[in-house]
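Input: a single structure, listed below in structure tokens.
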């Protein structure tokens with residue numbers, strides 16, 4: 001039986017006939033501790049070999065060393081490896097500046113994440129100097145701000161964005177120490193925000209719309225400066241984010257404003273008066289009216305010169321937008337058997353949902369029908385579509401997650417007690433609002449994991465509205481929601497120091513919870529839920 005090289009160390013090296021035999025000399029392990037003074041003949045032969053070695057080119061030298069290594073035993077290889085290690089572990093970060101290449105060292109270290117950068121600055125004084133003079137903590141923060149919307153929003157809200165990138169006139173860069181101390185503070189803020197989302201800890205601001213006749217806020221959209229809302233009293237009201245006061249009222253619709261969207265140029269709204277109206281976002285002037293649908297316009301979306309509207313008349317209209325005054329009908333999509341309650345689209349698909357319990361997918365370029373998503377037991381009131389994921393809410397009180405490419409239902413979320421009227425999602429969470437007056441926050445990543453338990457998916461239920469929740473939007477820091485109770489609520493998860501509710505200056509009276517209403521469900525075909533005491537077709541899906 002053959003023996004491994006490591007077994008040779010167990011040989012009895014005291015056996016005279018073995019140790020003295022020349023044919024076994026290469027098998028005895030090399031032990032540097034037993035190294036003796038080299039003989040004269042060895043030194044002569046070694047010097048001759050080194051002389052030849054020095055005359056060869058690099059390729060020949062490498063070939064010679066390979067041949068030499070192949071004739072060594074395993075233990076000798078280990079000794080050679082230990083000898084080479086410190087020679088191979090060169091501190092390039094320290095060596096580069098000595099060659100006038102500080103910028104190269106800085107560039108290499110700039111790719112490190114926070115944990116690695118923290119360790120790197122503790123390696124030695126030279127590494128710490130390179131990191132400090134290269135302002136690498138500042139560059140790391142800037143990289144996160146460029147690539148992560150949470151970091152970007154936090155930079156803007158906390159004010160430290162002015163110390164990043166190219167400073168504004170009159171603002172100078174802070175020293176390296178400022179950014180080194182800023183980074184852990186940012187991480188602490190991010191952790192606090194995530195904790196607030198999970199626990200539901202928030203600061204609440206309330207806007208009382210004080211509608212004179214019909215009460216209810218059907219739709220909204222917001223940015224850092226304003227909230228634009230569509231009301232049941234036929235108006236569009238614009239609210240200042242700082243004062244929470246109404247700064248502009250747009251009139252022109254003769255029915256409830258059921259849907260709207262705006263950008264930096266226009267506000268486009270749809271109404272139960274069957275029209276779509278276009279308004280100048282700065283002046284509030286109405287610049288165009290589109291008359292096509294024969295019943296209420298329930299939802300609309302526009303982007304990149306294209307708009308899609310849907311209606312109670314069961315149709316979907318696709319429009320080409322050249323300018324605010326030049327909007328032409330491209331195609332009408334027909335296929336739903338009940339009111340089309342919501343649409344969404346990107347460059348690949350148009351997605352629509354209806355009271356007929358189905359979600360239909362259409363090709364954006366050709367407007368041709370692609371597939372139907374079946375699964376909801378009653379009419380569908382809301383959805384959002386992004387990438388491959390569609391999330392829908394229904395009058396069967398459930399939320400479903402779909403893969404749009406194969407039409408598969410990935411997960412069913414249950415928890416709402418009545419019709420799920422509005423839903424939004426981002427990369428982390430789903431937020432839903434329902435006719436039960438509740439807003440629920442769900443863990444999206446867990447919902448997409450088939451191993452996750454169903455009872456762990458709902459992170460928090462928020463209860464403040466005293467009526468049906470009609471519409472909501474959210475970002476990393478807040479939820480803005482509107483309701484049949486004629487209020488807009490701002491749920492702030494960033495600034496939670498104040499525990500008392502902040503109310504718009506229009507009223508000093510705390511709004512109490514209204515008496516509960518009894519709701520009854522209508523036929524599954526239409527997927528509608530009607531209040532017994534107060535009926536309004538505009539808010540029934």
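Quick reminder: no glycine exception, Cβ is built from N, Cα and C everywhere.
As annotated by TrEMBL, domain 'F-box' applies to 102-140. The repeat 'WD' annotation in TrEMBL covers 210-240, 250-289, 290-329, 333-372, 373-412, 413-452, 462-492. According to TrEMBL, the feature region 'Disordered' maps to 502-541. The feature compositional bias 'Low complexity' is assigned by TrEMBL to 512-533.
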Original post:
Per DSSP, what is the residue tally for the repeat 'WD' (210-240) in helix, strand and coil?
Top reply: 0 helix, 17 strand, 14 coil
Subject >> Stretch-averaged pLDDT - the repeat 'WD' (290-329) >> reply: 97
Original post:
Is the number of Cβ-Cβ pairs under 8 Å between the repeat 'WD' (210-240) and the repeat 'WD' (413-452) three or more, considering only pairs separated by 6 or more positions?
Top reply: no
Subject >> Tally of residues which DSSP labels helix, strand or coil - the repeat 'WD' (413-452) >> reply: 4 helix, 20 strand, 16 coil
